[in-house]
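Notes to accompany the following structure.
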């Protein structure tokens with residue numbers, strides 16, 4: 001393997017990992033605060049991708065304006081869907097067993113998949129990349145897709161924004177306090193239900209961002225939600241339940257690992273995330289950045 005080919009695969013792997021992080025960070029945030037295993041998170045990501053497609057068909061597809069408008073409008077729309085789901089369904093199962101949560105969210109997956117099929121049909125869709133990202137960037141003699149490099153740069157921005165929100169704002173302090181001391185927060189006059197609802201909406205917003213970015217990266221079809229939620233669960237287990245830093249590390253491990261291993265092993269590289277997940281569960285069941293339950 002030449003150094004140029006390795007760099008090409010590394011950049012693609014990192015961009016894949018960063019996209020996965022954006023999605024998985026929403027999943028791990030929801031679990032960390034609400035203790036809900038949201039299997040429907042991938043369906044919300046899929047809805048974000050299809051909404052980006054619809055918006056691109058209404059506007060001039062392939063322009064920077066339509067792409068930025070999608071980034072501006074689609075994630076809040078997905079967050080609004082999350083608001084409805086949280087108020088009507090999720091807040092009723094916060095204190096229930098994880099099996100019941102899984103059954104509820106899996107039923108949501110089936111319902112949302114059917115809704116998407118009715119609205120958009122079953123055929124694959126695609127969104128043209130913004131013309132500003134349609135070319136390539138030269139790095140060490142390799143032509144790297146500009147859009148992949150852009151996605152690679154968005155991930156750290158999201159990670160920094162999440163860190164600043166959770167550790168440098170009053171809202172972040174409330175979110176972290178709600179994990180361990182919800183009764184105390186309620187006694188202090190804090191609307192704990194709204195803290196949990198807004199946290200769930202933030203997780204859905206991240207799923208929407210991932211959907212918009214993915215829409216110009218690959219074809220959109222009904223299977224993308226299930227594919228990404230399985231990878232995201234692997235990320236959460238590897239990094240540690242509720243750990244944003246762990247989600248970042250787990251996403252990079254999976255993204256780079258799959259991409260680099262595809263050349264020598266082909267489709268067998270898809271086994272890599274689950275092999276790593278099994279190894280982590282054996283050696284460190286609470287994840288790389290997680291903490292053991294007391």
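A Cβ is built for glycine as well, from the same backbone N, Cα and C atoms used for every other residue.
As recorded in TrEMBL, the features of this protein are as follows:
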TRANSMEM  6-31  transmembrane segment
TRANSMEM  43-61  transmembrane segment
TRANSMEM  67-90  transmembrane segment
TRANSMEM  102-120  transmembrane segment
TRANSMEM  147-167  transmembrane segment
TRANSMEM  174-194  transmembrane segment
TRANSMEM  200-220  transmembrane segment
TRANSMEM  232-256  transmembrane segment
TRANSMEM  268-289  transmembrane segment
Long-range environment of the transmembrane segment (174-194) - Cβ separation under 8 angstroms, sequence gap at least 6: 32-33, 91, 166-167, 242
Positions on the same chain near the transmembrane segment (200-220), where near means CB under 8 A and six or more residues out: 19, 22-23, 25-27, 29-30, 34, 38, 41-42, 44-53, 56, 67, 70-71, 74-83, 85-86, 90, 124-130, 133, 147-148, 151, 154, 158, 228
